[in-house]
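Database features, via Swiss-Prot:
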| type | residues | note |
| --- | --- | --- |
| ACT_SITE | 379 | active site, nucleophile |
| ACT_SITE | 515 | active site |
| ACT_SITE | 517 | active site |
| BINDING | 14, 187, 188, 189, 190, 191, 192, 223 | UTP binding site |
| BINDING | 14, 147, 148, 149, 187, 188, 189, 190, 191, 192, 223 | CTP binding site |
| BINDING | 15, 16, 17, 18, 19, 20, 72, 239, 240, 241 | ATP binding site |
| BINDING | 72, 140 | Mg(2+) binding site |
| BINDING | 352, 380, 381, 382, 383, 403, 470 | L-glutamine binding site |
| DOMAIN | 291-542 | domain 'Glutamine amidotransferase type-1' |
| REGION | 1-266 | region 'Amidoligase domain' |
């Protein structure tokens, strides 16, 4: 199979939405019957985002094969059916690490290692490998043209443009076309300078995606075409919209997919965007609203919980309700108590690391349990629910996780190296001292308890979900917790690890050690999120009847 490559760059400012634009184009091409994949090339020196602060970088998206990647890969999976893997995201740090490892082994036979050709060759190899087996590979270059960090990536795609030829490569550049209120017009000069910068390093864009808060007038598009040496039909206006799921139709209406298909001489059907039209209709026509309180640690940056936010919206689509997310700092719960949890239709506690705010999350789980409020715990959200139950129901007053209190008399949650075996002996397992790459990662099979809410949600006796954690439920306390009424509704493939818990006599109190948000999509939703939002809606209706 001959793969065609579309390289997506950005200019003027960051956060223009390259990932959304790339994913939207991929969705249109997929709707035309093409096999499409998307890659993200990140210019930072970190090997991967696994140890980066969520408040700086946003969430870490975990792929099926366990790669810790950029959150843009979440957008990719939500827009197209192709599943991402570790070949779809790599960083400058990863490239340098691999090149230096080869140099230490002597693979370069004593040559002087340089950015060109050694680093650029390594980048090209990864791009070509990532595109194998697909009709079209869209490659997003992180950062902004002009950044010193991006230069090796830009040089690499310039070389690929020459080596593969125009019939296999296309360069798409996103720029900002701002509107100046004082002048009453849009300004094209930033776009002209951005394209000039790109051309100075040898890349001539074939398509310009012009971002702005309004549609670009025809005369300004003609002006951009003239000064940037791009066909007028290839100057695409991409205005702000109230839903990112409207963007595929917006790009298609301007013929972007047809331009790509003709450039690559591809034979394929017309795009069928009916699934996306259905998503847009559901989003615009809810039959009600629910308020979900998300009790977390990183709420100052919503992107830290990007996939959770989107999964809640998807569940709203499936339940025909609008989901309003109320972000609640878990430290605020610690300081003010449950008064900040009033008026909610459901509580969700997402994943996280570190001790800060954990008692607030435990209080949130207690509030939901005692008030029959729908509760959904994800990763740490499951662990705090278990800790709360152990303390206040099972009689283990000082129960905790060894992540937060190594001296706890009831370590109901322990590090993966601290598991207790079936005879009650502490089993120490080896763990590298580095934080990066030492977690349980990727898709894992989970067996579901027959008749449980989890099994009802999945409509089956098993599921496959993605993990990202170092701590597990300590099996030493499993029997005692079960006797107190906790239901262990999900177990690992070998049935030795607890994957899900729930409460029997509660409208909807379900938690999982995994991250179901990573597999939710606007077209398909996710069973657990759908069940949670349905329970929140039912809770609201019960309150209204009182």
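Don't overthink the numbers, they just go from 1 along the chain as shown.
Every residue gets a Cβ built from N, Cα and C, even glycine.
Locations of recorded Swiss-Prot features on the structure.
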residue	record	CB count, 10 Å
14	UTP binding site	11
72	ATP binding site	25
140	Mg(2+) binding site	27
148	CTP binding site	8
189	UTP binding site	11
190	UTP binding site	15
191	UTP binding site	29
223	UTP binding site	18
381	L-glutamine binding site	27
517	active site	29
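Averaged over the domain 'Glutamine amidotransferase type-1' (291-542), the predicted model has a pLDDT of 90. The CA atom of residue 140 (Mg(2+) binding site) is located 23 Å away from the CA atom of residue 517 (active site). Under DSSP, residue 240 (ATP binding site) is assigned to coil, being neither helix nor strand in the three-state scheme. In the three-state DSSP classification, residue 17 (ATP binding site) falls within coil. For residue 189 (UTP binding site) paired with residue 15 (ATP binding site), the C-alpha to C-alpha distance reads 19 Å. Note: the L-glutamine site is recorded as 352, 380, 381, 382, 383, 403, 470; in the same chain, 351, 353, 379, 384, 401, 413, 469, 471 also have Cβ atoms within 8 Å of that site's Cβ centroid. A separation of roughly 10 Å, to the nearest angstrom, links the Cα atoms of residue 381 (L-glutamine binding site) and residue 515 (active site). Closest to residue 187 (UTP binding site) in space, going by CA atoms and restricting to the recorded positions 72, 240, 382, 517, is 240. Summarising the environment of residue 352 (L-glutamine binding site), the number of other Cβ atoms within 10 Å of its Cβ, over all protein chains shown, is 22.
In this view, residue 192 (UTP binding site) is surrounded by 16 other Cβ atoms within 10 Å of its Cβ, with every protein chain counted.
Here the candidates are the recorded positions 148, 190, 192, 223, 379, and by Cα distance the one nearest residue 240 (ATP binding site) turns out to be 190. The CA atom of residue 517 (active site) is located 39 Å away from the CA atom of residue 188 (UTP binding site). Spatially, by CA atoms, the binding-site residues 17, 19, 148, 188, 190 include one closest to residue 470 (L-glutamine binding site), and that is 19. A gap of 13 Å separates the Cα atoms of residue 383 (L-glutamine binding site) and residue 515 (active site).
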